[in-house]
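Report on the structure given below.
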Ligand SMILES: Cc1ncc(COP(=O)(O)O)c(C=O)c1O
Ligand SMILES: N[C@@H](CCCC[NH3+])C(=O)O
């Protein structure tokens with residue numbers, strides 16, 4: 001590499017000016033920003049990052065890299081915090097962990113033992129929950145295109161609620177429930193027409209998208225009529241999910257107002273008040289030092305005020321509330337550990353230099369940067385460094401120039417092959433959205449707790465990949 005220290009300093013200064021406005025030059029490039037990491041993460045006296053008392057060198061030596069490392073007690077305490085905050089604020093409330101964020105049988109058991117329900121949205125997630133022995137009556141099934149097989153399995157297992165999303169599904173479910181001589185407990189997924197302040201691909205309550213029945217267009221009221229007329233369906237409530245990675249409670253306020261407006265119309269037309277109300281998930285987490293998410297107690301207190309106020313305005317009693325957080329429970333509990341393979345100093349216009357730090361994973365284990373332009377942070381985890389902080393981009397090993405994990409971060413200038421990099425906040429929608437592009441096997445999930453580490457989802461192997469190839 002032709003990057004001299006002297007030139008590096010000059011270039012680094014130019015690089016500082018090329019950083020995105022939110023990215024601060026760190027006073028100490030070794031410091032860990034607490035909001036981004038599980039509480040048990042710290043840098044030991046030897047400079048190595050530890051989680052639950054285990055250093056990342058030991059984790060890499062035993063389990064290899066890349067690997068997702070999840071702090072079990074952190075996950076459990078976030079799950080409990082949501083449960084306690086919402087039962088505290090509403091008296092009675094239910095928290096369904098959204099398994100799409102990350103699910104395996106062990107995590108399903110953590111969720112069950114913390115007293116939460118589970119939101120699944122496919123046959124595969126349902127199968128995982130059932131294999132874990134998750135109580136079926138505490139499972140909710142979502143999906144805009146549930147198959148006959150998925151609905152049948154849900155009915156046979158006795159899931160507690162099916163959130164219906166289309167008129168076709170209502171017909172399908174009516175037939176399947178009648179054939180089994182059961183009464184399916186259903187909620188209606190409504191579209192409330194809210195433009196949530198998040199990336200357009202993860203907003204789900206504006207009118208022009210695939211989910212739900214529109215309240216404004218009258219489809220939701222029509223779905224209520226259809227379901228109430230079917231003896232094999234029991235309508236237990238209305239559901240709204242406005243999107244994901246949302247910090248601003250104003251979207252929930254509008255959603256609650258519109259859904260409860262429908263609840264009032266139902267009372268006026270049919271003489272009933274539906275007993276349950278689900279306001280979905282979507283609570284944002286910190287991915288960088290600039291993010292400042294609300295803690296569950298504040299969210300719960302804010303939502304209680306909103307729901308009580310709207311119910312009072314419509315003269316309704318407060319329904320039993322449920323929510324479906326996924327990201328906010330599992331996201332911050334996990335980091336991904338990578339090993340650096342190559343480093344390039346790339347000269348940009350104006351003489352600035354950006355360090356391209358290539359690691360042994362990439363867009364197959366974290367597609368969020370490429371898909372949503374998401375921001376992440378990272379740290380040199382295997383040692384402390386006294387080198388200056390330089391602007392770096394952490395990239396993967398795949399055949400795409402968009403294969404970026406961390407777009408912009410300050411890393412020590414001496415980061416090089418063999419170093420370990422940890423990227424926090426990767427518990428949600430990373431392993432669950434992982435792919436095998438370029439035939440790169442998917443990383444394992446390692447759970448740590450009280451100084452012990454174990455595999456809860458093993459690393460995929462080349463044999464796993466080739467097992468599907470029957471040619
Ligand atoms: C219906 C539903 N509920 C819950 C969630 C969980 O969202 P999050 O992980 O952002 O809390 C999602 C995903 O956006 C969803 O579609
Ligand atoms: N997968 C998305 C969120 C969508 C969640 C499901 N509706 C993310 O990574 O942020």
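Backbone N, Cα and C define each Cβ position, glycine as well.
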Among 282, 361, 362, TrEMBL assigns to the pyridoxal 5'-phosphate site of 324, 325, 326, 327, 429 just 282
How does the model score the domain 'Orn/DAP/Arg decarboxylase 2 C-terminal' (334-427) in terms of mean pLDDT? 96
Among 324, 400, the most crowded of the binding-site residues [Cβ within 10 Å]: 324
Contacting recorded positions for ligand 1, chosen from 368, 372, 399, 400, 429 when the Cβ sits under 6 angstroms of any of its atoms: none
Compare the C-alpha of residue 372 (substrate binding site) with the C-alpha of each of the recorded positions 100, 399, 429, and give the closest one. 429
Other than 282, 324, 325, 326, 327, 429, the chain contributes near pyridoxal 5'-phosphate (Cβ within 8 Å of their centroid) the residues 98, 100, 101, 244, 281, 283, 328, 329, 331, 428
Residue 327 (pyridoxal 5'-phosphate binding site): which of the recorded positions 100, 368, 399, 400 is the nearest Cα neighbour? 100
Expected list for ligand 2 (Cβ under 6 angstroms, recorded positions 282, 325, 368, 399, 429) reads 368, 429
